[in-house]
């Protein structure tokens, strides 16, 4: 790619940076593919010639970082696992998808810009401020009296998901490079803990009363408060050594305002269009066509600008200089997000409920332990293997094969697979662990330290986009099938079994709310049995269609992983930063 000409002011700032570096006489150890094209990227690495005590550092880092990640996973798991019961309480199923998509949208659009900003400025307060906004959002959601209010609170809650670009980068920079699989594995354990707490807590709270789901958000508020206190107490990042005369204009430009704006607009409009087509408007409606078209145009503009407009933007050219790992890993991570956020986290509990495997929120949450239990256990062998053999590719190949098996199994789901579905959960849990541990590490290995949070933000943005797009598309498939055949087939089954025609509306309303069957005029056990069997069969067909749509993407993700390059030579003792309050170390040239 050709060099991009610097503006006169940028040339002057670069000259100041180079003079400051010469004056300080500091030996730097930049990423081998990094070029000193930005005056902001003049930070000093930690001296890595001494042994780094991984245990104490890991404990200190994870005391607050994992609480943040636990809160982030709790955000999407807790509400997602009882979304069917929230719909029964508040109604408005057409916009209920935004309970999940709202927070994911915020993560998707803000993670890369926030990561870029944290690479330029202070990571600490950029992690604290969004979490404070999420605390406010949790309180709003807990007190919500309607679905739109709940969705609005959820959008604020999503601010904490955007900090994944920071929280996931912190351990990667304070530990030796060879331990990045462990760093992400421990993060995965924190996320798994959030999943377990979210699933069980949501089930218990919702099972207590129809509005018990509100306690989910009060628990979230507690997590956010603890996270904020933890960052204040334990996280003291090193000050980055930059020229004193650096202007705010240069800082603003370094955050890639043009690329960030194009990315935010494109992602927001495309997700909005896909969500609307999932239950509110037809594909041909202007509410879908207009935002989808504008979003796609902005996406093309974003890609063109990042390719030709600048080298050090959100998608820095340095990410691609070491080979194909960055785009392949980001694509695979997006597919993993598609599977987890939309299918495993949101659709699977609905499968259990609507196919009659379990009938209460608490029993559904207990059943989901077959998934979350595997996600808690599997990081340990994967961390050991990846670190000992410095092999990040093999675990990915195995886990994506397991993903493929799971999608094929669910593509054949039917109401008779009560016990088999638990086995599907176990396989999905094992498959989930590898990508969440290994892919962030692979993406971070493609990045110079000056772009570490930016690369991490892009990774988790891709995952969130995959989840949000997947949720919108799967909801579209499911809702379309249900709209086409549910009322017709259930009504026909009930009428054939002897239910009066005048009772059909009450029957359909009872199925929608999950209660009130005993008050339907003319109902009896035989009629209810026939209607229930038909209801489950219609839902099963809708879920089969949704899961079948995922299979081609899992195959493509497996192919992408197969072409990844090994990173064994990069897994060294080098440390890029520190978590301690220490004075800057300098290595004087002799």
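One-based numbering along the chain as shown.
Each Cβ is built from the backbone N, Cα and C atoms, and glycine gets one as well.
Annotation comment: TrEMBL describes 14-34 as compositional bias 'Basic and acidic residues'.
TrEMBL lists 56-508 with the feature domain 'Major facilitator superfamily (MFS) profile'.
Summarising the annotation, TrEMBL assigns region 'Disordered' to 1-49.
Positions annotated as transmembrane segment by TrEMBL: 125-144 (among others). The list of residues near the transmembrane segment (125-144) in space but at least 6 beyond its ends in sequence, with Cβ under 8 angstroms from a Cβ of it, reads 68, 71, 75, 90, 110, 114, 117-118, 150, 152-160, 162-163, 166-167, 214-218, 220-221, 224-225, 227-228, 231-232, 235.
Summarising the annotation, TrEMBL assigns transmembrane segment to 150-170 (among others).
Annotation comment: TrEMBL describes 182-204 (among others) as transmembrane segment.
What TrEMBL records for 216-235 (among others) is transmembrane segment.
The annotation transmembrane segment is assigned in TrEMBL to 247-274 (among others).
The feature transmembrane segment is assigned by TrEMBL to 286-305 (among others).
As annotated by TrEMBL, transmembrane segment applies to 326-344 (among others). Proximity of distant same-chain residues to the transmembrane segment (326-344), defined by a Cβ-Cβ separation under 8 Å and at least 6 residues beyond the stretch ends, is recorded for 76, 80, 100, 104, 319-320, 371, 396, 400, 403, 406-407, 410, 428, 432, 435-436, 439-440, 442-443, 446-447, 455, 458-460, 462-471, 473-475, 546-547, 550, 553-554, 556-557, 560-561, 563-564.
Sequence annotations record features per position, and here TrEMBL assigns transmembrane segment to 364-384 (among others).
Residues or ranges marked as transmembrane segment by TrEMBL: 396-413 (among others).
According to TrEMBL, the feature transmembrane segment maps to 419-443 (among others). Cβ atoms under 8 Å from those of the transmembrane segment (419-443) belong to residues 168, 172, 180-181, 183-185, 187-188, 191, 325-326, 329-330, 332-333, 336, 339-340, 344, 348, 351-352, 357, 367-368, 370-375, 378-379, 382-383, 386, 392, 395-396, 398-403, 405-406, 409-410, 413, 455-456, 458-460, 564, 567 of the same chain, restricted to positions at least 6 beyond its ends.
According to TrEMBL, the feature transmembrane segment maps to 455-478 (among others).
Long-range contacts of the transmembrane segment (545-564) within the same chain: residues 324-325, 328-329, 331-332, 335-336, 338-339, 343, 347, 392-393, 396-397, 400-401, 403-404, 407-408, 410-411, 413, 442, 470, 473-474, 477-478, 481, each at least 6 residues beyond the stretch ends and with a Cβ under 8 Å from a Cβ of the stretch. The feature transmembrane segment is assigned by TrEMBL to 545-564 (among others).
Counting Cβ pairs closer than 8 Å and at least 6 residues apart in sequence, the transmembrane segment (247-274) and the transmembrane segment (455-478) reach three or more and so form a contact. Here the transmembrane segment (216-235) sits against the transmembrane segment (150-170); at least 3 CB pairs are under 8 Å, leaving out pairs fewer than 6 apart in sequence. Over the domain 'Major facilitator superfamily (MFS) profile' (56-508) the predicted model carries a mean pLDDT of 82.
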